[in-house]
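Taking it in order: structure first as structure tokens, then the write-up.
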Amino acid sequence: MKLALIGGGNIGRFLLQSINIDCLIPNAKIIGLHTRCQEQAKELSREFEAEIFEDVESLLKSDADLVIEAATVEAVEEYAASILLSGKDLVVSSVGALADREFYKCLEEICILNNTKIHLPSGAIGGLDVLKAAKSIGELDSVSIITRKPPQALPGAPLDGEKVLFEGSAAEAIRLFPKNINVSIILSLAGLGAENTGVKIISDPAARKNSHTIEAAGSFGKLSLQVENDPMPNNPKTSYLAALSILASLKNRDEMIRVG
Ligand SMILES: NC(=O)C1=CN([C@@H]2O[C@H](COP(=O)(O)OP(=O)(O)OC[C@H]3O[C@@H](n4cnc5c(N)ncnc54)[C@H](O)[C@@H]3O)[C@@H](O)[C@H]2O)C=CC1
Ligand SMILES: O=C([O-])CC(=O)C(=O)O
């Protein structure tokens, strides 16, 4: 499988190492990357033997079968449609882009017409299987997430003392914190939608992990799940599990017997 990458930050570098050097996905290679910073692109290209795509048009012309986005919500908004129209599948890290129902529906239409697929990894959380099963007969009543991170991982957070930075819907949360609360949108997509998923974001100077606490209830019973994530070494905003979940998505794609 030939892969192309958009974004050369924490997740991008981790994927290049895991796929091109450690060979964790059988028969897969990241053949090239596009990233905003040219210096970063050159360094990664040398280190991991991947081509540099100077723009997305050259990435689209390449013979990659699948594109992995590990950049930003805006990058998904800008490039997702043309990637799918070019016949390539897409794995999205910045799932916050899909909070917009119109955009979601537009990408879904393109996938149907072009026989392409979008894969949305579970990111820095879990429990999506429970929500999907519970909602299959429409009996999921409530879903919420409380995210607690150190202030260095959150924009505008005070360094002294715990503070609730946000309380409201996932739709509003991702508008205000597009780099920090993608988890609320994957949760919304598995469950009750972005308007009906509750989010609380807490900045906590005592926190050493990025923790996400999910509560859900419905006719199935109740779900209570806490993930205590170690951050990526070079970016406290991003949990290591988010990067691992992309590898898991790529593996799922090829599995003949699928769990969950
Ligand atoms: N779904 C989830 O649970 C999680 C999602 N994320 C999201 O994943 C994405 C990547 O995370 P990190 O690697 O930690 O971020 P990062 O900030 O370390 O790296 C982002 C990279 O994207 C590049 N970039 C930005 N805009 C671009 C554009 N328009 N075109 C091409 N390249 C562009 C930057 O130059 C940089 O190389 C972020 O949007 C982050 O919010 C992060 C953690 C969890
Ligand atoms: O990595 C995390 O813990 C969550 C995160 O940044 C996001 O959802 O955007």
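The count begins at 1 with the first shown residue.
Each residue, glycine too, has its Cβ placed from N, Cα and C.
The domain 'Aspartate/homoserine dehydrogenase NAD-binding' annotation in TrEMBL covers 7-121. The NAD(+) binding site annotation in TrEMBL covers ALA124, ASN182. According to TrEMBL, the feature domain 'Aspartate dehydrogenase' maps to 160-246. The feature active site is assigned by TrEMBL to HIS212.
Everything TrEMBL records as a feature, shown here on the structure.
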| residue | record | Cβ within 10 Å |
| --- | --- | --- |
| ALA124 | NAD(+) binding site | 24 |
| ASN182 | NAD(+) binding site | 28 |
| HIS212 | active site | 26 |
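Among the recorded positions ALA124, ASN182, HIS212, the residues whose Cβ sits under 6 Å from any atom of ligand 1 are ALA124, ASN182. The secondary structure of ASN182 (NAD(+) binding site), as reduced to three states from DSSP, is helical. Confidence in the domain 'Aspartate dehydrogenase' (160-246), given as mean pLDDT, stands at 96. Calculated from their C-alpha atoms, the gap between HIS212 (active site) and ASN182 (NAD(+) binding site) amounts to 12 Å.
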